[in-house]
Amino acid sequence: MSGALSCSAAELAVLLGPNATVAAEYICDQLSTVNNKFTDVAFAVDNTYLLFSAYLVFSMQLGFAMLCAGSVRAKNTMNIMLTNVLDAAAGGLFYYLFGYAFAFGSPSNGFIGKHNFGLKDFPSASADYSNFLYQWAFAIAAAGITSGSIAERTQFVAYLIYSSFLTGFVYPVVSHWFWSVDGWASPFRIDGDLLFSTGAIDFAGSGVVHMVGGIAGLWGALIEGPRLGRFDNGGRAIALRGHSASLVVLGTFLLWFGWYGFNPGSFNKILVTYESGTINGQWSAVGRTAVTTTLAGCTAALTTLFGKRLLSGHWNVTDVCNGLLGGFAAITGGCSVVEPWAAIICGFVAALVLLGCNKLAEKLKYDDPLEAAQLHGGCGAWGLIFTALFAREKYLNQIYGEKPGRPHGLFMGGGGKLLGAQLIQILVITGWVSATMGTLFFILKKMKLLRISAEDEMAGMDMTRHGGFAYMYYDDDESHKAIQLRKVEHRSPSPSGDTTTPV
């Protein structure tokens, strides 16, 4: 093999004569070369692992697109698909120019990063291009969550503005707080005391990604108001069902697949040894994280299935898909630091949280076509609290560094400090996103850039804004009745007694 190392006994025998120093130098040089080779291999393995995880997370955009398309009425399919494409495209540019620097540009202060704008002075000893790609995939996931909340009634320019602002500024600041080595609440903080001696534990983003996207969507939907026809004059909710359960299921499975990059991939590295010569390494923790992710989602799906059966009398596949995703959103924050049995509890409660949030939204006449605010915001917040209750000290020390007496899960004998840190995370994320995205949506409304006209909304944005429908369809609404009425009129008897048939 080219570049292979060789070290023969004959060569050493010649050197191990009167001059032992030369022999020692020779041996050390060979060992140093071997060590460098192992280091190169470790970098290659870890970067390949992170890149593969980034590809999985990016594939979730296809899942979002299919889920959104199936959850809206057919007359808005092209519109929602285009917004998903632009979340990725606009997010890519703005995260490159500003977002990554605000999130991870180190050294910086506890609030916001201030280096690596446009990837200047990049890569570095602490980050490579794979890190940027992985974090960008997370940023556009947050933007994709928000698009579901304001679907079917939002102007196209508003999508562009909010997506750019969210991925370029709002989301990066939050990720800096909790994931950067300089963040004021980060468990990775290297300069200064940790929040409550632990930092907020949000491994893959129940708060950083899901709560940010969910709360942003909450404000967008609140300021816009519900879709026309969602509530009758008496305030009673009317279901505006999505046009394709098949697309919803397809999108859900794609998201499930991508979540194995989202959660296990958040280790960033896989070739890390916990106990040399044993199976206890980061590779095992990656596997455990995949298992906890799976169990939480599965439990939430089954709980939602039977819960909705009791509430409505139906076995509803769309509700089950949302329940599954709610379980995933909840386990994301603590997936790496809890036992598999605890993930089952996480998924069970996440389903109840989602059902409760949906009931509350209906009573408050809040309209979210994809239940994104309830699913990602509500279940994401539960996921942070769950982590504070069930996180194991051993796993926290393996991932965040050895710390004697580290605060851990309240139910695991770790006291209440971690719970305090998690509650602070929930409060500051809610406050920050409300102040920034709520203000942005309010300004867009005042500038008449937020909501489309009632006429366009009734006709559907595919026809009025995008030049035609995604495919031929019939919606069970007034537009379909109007089409049928025109057909009847065209077929009515003529004065001669014949019937006219449209060409």
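Along the chain as shown, the residues are counted starting at 1.
Glycine too: its Cβ is placed from the backbone N, Cα and C atoms.
Just so you know, TrEMBL annotations are computer predictions that nobody has curated.
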Among 373-391, 468-486, TrEMBL lists transmembrane segment at 373-391
Contact set of the transmembrane segment (157-179) with the rest of its chain, CB cutoff 8 A exclusive, min separation 6+ beyond the ends, reads 83, 86-87, 90-91, 93-95, 97-104, 108, 110-113, 135, 138-140, 142-143, 146-147, 150, 185-186, 188, 199-200, 202, 207-209, 212-213, 216, 220, 425, 428-429, 432-433, 436-437, 440-441, 444, 449-450
So if I exclude everything within five residues of the ends of the transmembrane segment (423-444), which remaining residues of that chain have a CB under 8 angstroms from its CBs? That is, six or more out. 146, 158, 161-162, 165-166, 169-170, 173-174, 177-178, 185, 195, 200, 202, 207-208, 211-212, 215-216, 219-220, 223-224, 381, 384-385, 388, 450
On the domain 'Ammonium transporter AmtB-like' (49-471), the mean of the pLDDT values is 95
